[in-house]
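Engineer: Sharing a structure here in structure tokens format.
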Amino acid sequence: MAKAGENSRDKSRWSLEGMTALVTGGSKGLGEAVVEELAMLGARVHTCARDETQLQERLREWQAKGFEVTTSVCDVSSREQREKLMETVSSVFQGKLNILVNNAGTGIIKPSTEYTAEDYSFLMATNLESAFHLSQIAHPLLKASGSGSIVFMSSVAGLVHTGASIYGASKGAMNQLGRSLACEWASDNIRVNSVCPWVITTPLTSFIFSDEKLRKAVEDKTPMGRVGEANEVSSLVAFLCFPAASYITGQTICVDGGASVNGFSFKP
């Protein structure tokens, strides 16, 4: 028969109780789902977004649910605002951070010949540069916590062709950054992993759902025959932050209903 102490240790492996987390871009879509997932599992969460009105609406909802969430306005494409964000996080959490979810990002989808220099710079600054810089300036806080976990919200577009070359390049670079940091920071007890969603029901993918032919093409490409839901992504993010995932680092994991491994098959 298991002892009470052993049961307690087993439960703590599957809990975020007492942990602190920063989730960027948490006012909608995947970020909102991640904030709720982590808070529901016991973490104290700070999140940011560009839209203050939307952020305050979410905050009222989270407070009504009893979640411990604080917020601040931040455009992660701005280096100055990223530094201010981390100062705020350090103050809120007394210089220690267990979890960093680099979720904020943007997408510009167009033929490669039509991408402008401004498109390229904006995509790289928002998706890649911000993820690296936030990880870099969060490093002292993650190390101070004694056990840190970074999760990059990447995309299947970083692994296979999806018709968005520069967007895909920003996510592919993010995946490699995750592998590099995982190796470099393992000695500081900081784990780093990337999560790659396929088409998920969020505001970012609304253009797909408004086009019946495009939606059907996505579903046909996906072995499971449907698009994903935000909570199917946030559950993986939470798992990677659990103590139970303490030996998982440097991984790039798809949440895609099998889309990224699907080849071609003809069914007459």
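Even glycines carry a Cβ here, placed using N, Cα and C.
Annotation source Swiss-Prot lists active site, proton acceptor at Y167, citing sequence analysis. Residues annotated as NADP(+) binding site in Swiss-Prot: 22-46. Under the heading substrate binding site, Swiss-Prot lists S155.
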Engineer: Sequence gap of 6 or more, Cβ distance under 8 Å: name the residues on the same chain that satisfy this around G42 (NADP(+) binding site), in order along the sequence.
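Structural biologist: Listed in sequence order: S15, L16, E17, G18, M19.
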Engineer: Using a 10 Å cut-off, grab the number of neighbouring Cβ atoms around the Cβ of H46 (NADP(+) binding site), all chains included.
Structural biologist: 23
Engineer: For the residue listed as 'substrate binding site' and G26 (NADP(+) binding site), determine the Cα separation and express it in whole Å.
Structural biologist: 17
Engineer: Within the chain of L30 (NADP(+) binding site), which residues six or more apart in sequence place their C-beta under 8 angstroms from its C-beta?
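Structural biologist: In sequence order, N103, M153, P197, I200, T202, A230, V233, S234 meet the Cβ cut-off.
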Engineer: Radius 10 Å, atoms counted are CB only; among the binding-site residues L22, V34, L38, which position scores highest?
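Structural biologist: That would be V34, with the most Cβ atoms nearby.
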Engineer: Between the Cα atoms of L38 (NADP(+) binding site) and the residue listed as 'active site, proton acceptor', what distance do you get, rounded to the nearest Å?
Structural biologist: 27
Engineer: About how far apart, in whole Å, are the alpha carbons (Cα) of G26 (NADP(+) binding site) and Y167 (active site, proton acceptor)?
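Structural biologist: A Cα-Cα distance of 20 Å.
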Engineer: Measuring Cα to Cα, how far is V34 (NADP(+) binding site) from Y167 (active site, proton acceptor) in Å?
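Structural biologist: For V34 (NADP(+) binding site) versus Y167 (active site, proton acceptor), the Cα atoms are 22 Å apart.
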Engineer: What same-chain residues, at least 6 away in sequence, bring their CB to under 8 Å of the CB of Y167 (active site, proton acceptor)?
Structural biologist: G107, I108, I109, L123, N127, S155, A157
